[in-house]
Amino acid sequence: MTTILTSTFRNLSTTSKWALRFSVRPLSCSSQVQSAPAVQTKSKKTLAKPNLKNIVVVEGVRIPFLLSGTSYKDLMPHDLARAALSGLLYRTNIPKDVVDYIIFGTVIQEVKTSNVAREAALGAGFSDKTPAHTVTMACISSNQAMTTAVGLIASGQCDVVVAGGVELMSDVPIRHSRNMRKMMLDLNKAKTLAQRLSLLTKFRLNFLSPELPAVAEFSTNETMGHSADRLAAAFAVSRMEQDKYALRSHSLAKKAQDEGHLSDIVPFKVPGKDTVSKDNGIRPSSLEQMAKLKPAFIKPYGTVTAANSSFLTDGASAMLIMSEDRALAMGYKPKAYLRDFIYVSQDPKDQLLLGPTYATPKVLEKAGLTMNDIDAFEFHEAFSGQILANFKAMDSDWFAQNYMGRKTKVGAPPLEKFNIWGGSLSLGHPFGATGCRLVMAAANRLRKDGGQYALVAACAAGGQGHAMIVEAYPK
């Protein structure tokens, strides 16, 4: 695969053998926004399993997702996480001391609050007797928080768990250089003035150069944007297709926002500023305007631009997960069941963003479902090219047989069921918080349209991925 992808991108004017296989059927992502047809209610089996607890989502919320450098720029990550937790408490009226455990996902750690889950929980007024821990798994960090909660409840360790995620891209940690850090530590250990002066003679001006957070994959030294560009080229996804898909995402998000479908948002009164009540990254444009943008990563021939990529985002989400018995005993009407889930990983060099392709057939088999059983799809949109490349891979028998060891393709999701309230391209992508947003969008869509099953999937740095089946709770 490495050879195929590398040769494909070295000469974009020449279509590789792999690209040829994926250039036959273009994907239609019309810029015209159309209402998705109502889900046809079908009599389906439940995925409840004998002798296993039913685990439910009672409610999930998020503060508005904002472009980094805007209204949240003067805050810390635990401020955002605390706001999401406070919103969940307000929305559910759950007694704080009933919560057994709190788990939050995050990617870029704030050194002052290394366990942001605990600090946010204390700030939101939860009992100091309630344990909390933080997990990190790149863009599926809050997915990991949710499934960890499922495990705690399924094993009988807990009945009530809050899971969530947070990311603040407005203020990422910037360190001193390694040489400067070593000198500062040595100076701190020095016992005499002579020792300190001796150390200072080794100082060089380049020690003052800051060490910025890594944007490239550690194992491959390639940015995700570069990977997205190569993936789009290998799967013959054109710039026009990518721009059309991005426009679709923004247009659908704007429509959902105007029609009140983004009901998981809770307003946040930013200290010293106005109350924020809606996402601010939704920007329907035109294909003509988008076409003017230059490639963002591989120049001059790349196809990934600022318009067809997700943007740096600040935000937080939180979800109340309970055993069904406990939820009903407390008088709650759950929104959905959390059913089967799976994590996958593959080559981070050439399959970095193909997590949904690998995870989807596995989770469907685990649940005993097919693509036709799914009423709502919610996939994380890192890049337009990533989504469309996954579609082509999922819809290819050749790819399934040669790279996945499967006899047949799983099939691509139908667009009329796919991310119809927008996605990460338009709503934003706070790395640690997106997973909870995906699950709540899936649950709310099932509830609104009368569907029974939703499939949530996401890719993540390191060549990892996740998929989960969400089942509607009976009305």
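Using the three backbone atoms N, Cα and C, a Cβ is placed for every residue, glycine included.
Under the heading N6-succinyllysine, Swiss-Prot lists K53 (among others), citing similarity to another entry as support. A 10 Å cutoff on Cβ-Cβ distances gives K53 (N6-succinyllysine) a total of 18 other Cβ atoms nearby, all chains included.
Look at C139 (active site, acyl-thioester intermediate): DSSP puts it in a strand. Proximity of C139 (active site, acyl-thioester intermediate) to non-local residues of its own chain (separation of 6 or more, Cβ distance below 8 Å) is seen for V107, H380, A382, H429, F431, T434, G435, A458, C459, A460, A461, given in sequence order. The active site, acyl-thioester intermediate annotation in Swiss-Prot covers C139.
Sequence annotations record features per position, and here Swiss-Prot assigns intramembrane segment to 174-221 based on similarity to another entry.
Taken from Swiss-Prot, the feature N6-acetyllysine applies to K189 (among others), supported by similarity to another entry. Under the DSSP three-state reduction, K189 (N6-acetyllysine) is assigned to helix.
Taking all protein chains in view, 10 other C-beta atoms sit within 10 angstroms of the C-beta of K189 (N6-acetyllysine). Taken from Swiss-Prot, the feature N6-succinyllysine covers K189 (among others).
The Cβ of K191 (N6-succinyllysine) lies under 8 Å from the Cβ of no residue that is in the same chain and 6 or more residues away along the sequence. Here Swiss-Prot flags K191 (among others) as N6-succinyllysine, drawing on similarity to another entry.
DSSP assigns K273 (N6-succinyllysine) to coil in the three-state reduction, outside any helix or strand. Taking the Cβ of K273 (N6-succinyllysine) as reference, residues of its chain lying under 8 Å away and at least six apart in sequence are, in sequence order, S71. Annotation comment: Swiss-Prot describes K273 (among others) as N6-succinyllysine.
The N6-succinyllysine annotation in Swiss-Prot covers K292 (among others). Taking a C-beta cut-off of under 8 angstroms and a sequence separation of 6 or more, K292 (N6-succinyllysine) has no same-chain neighbours.
K294 (N6-acetyllysine) is surrounded by 9 other CB atoms, counting those within 10 A of its CB over all protein chains shown. DSSP assigns K294 (N6-acetyllysine) to coil in the three-state reduction, placing it in neither a helix nor a strand. Summarising the annotation, Swiss-Prot assigns N6-acetyllysine to K294 (among others) and lists similarity to another entry as the type of evidence.
What Swiss-Prot lists as N6-succinyllysine is K294 (among others).
If you look up Swiss-Prot, you'll see K299 (among others) marked as N6-acetyllysine, on the strength of similarity to another entry. Reduced to three states, the DSSP call for K299 (N6-acetyllysine) is coil.
For K333 (N6-succinyllysine), the number of other Cβ atoms no farther than 10 Å from its own Cβ, over all displayed protein chains, is 12. The N6-succinyllysine annotation in Swiss-Prot covers K333 (among others).
What Swiss-Prot lists as N6-acetyllysine is K333 (among others), and the listing cites similarity to another entry.
Sequence annotations record features per position, and here Swiss-Prot assigns N6-acetyllysine to K349 (among others). Around the Cβ of K349 (N6-acetyllysine), a 10 Å sphere holds 18 further Cβ atoms from the protein chains shown. Mapped onto three states, the DSSP output places K349 (N6-acetyllysine) in coil.
Residues annotated as active site, proton donor/acceptor in Swiss-Prot: C459.
Here K53 (N6-succinyllysine) is positioned 17 angstrom away from K333 (N6-succinyllysine), judged by their C-alpha atoms. A straight line from the CA of K299 (N6-acetyllysine) to the CA of K53 (N6-succinyllysine) spans 53 Å. DSSP assigns K333 (N6-succinyllysine) to coil in the three-state reduction, placing it in neither a helix nor a strand. Counting other Cβ atoms within 10 Å of each Cβ, the recorded positions K299, C459 show the lowest value at K299. Among the modified residues K189, K294, K349, the residue whose Cα lies closest in space to that of K53 (N6-succinyllysine) is K349. Between K349 (N6-acetyllysine) and K189 (N6-acetyllysine), the C-alpha separation comes to 42 Å.
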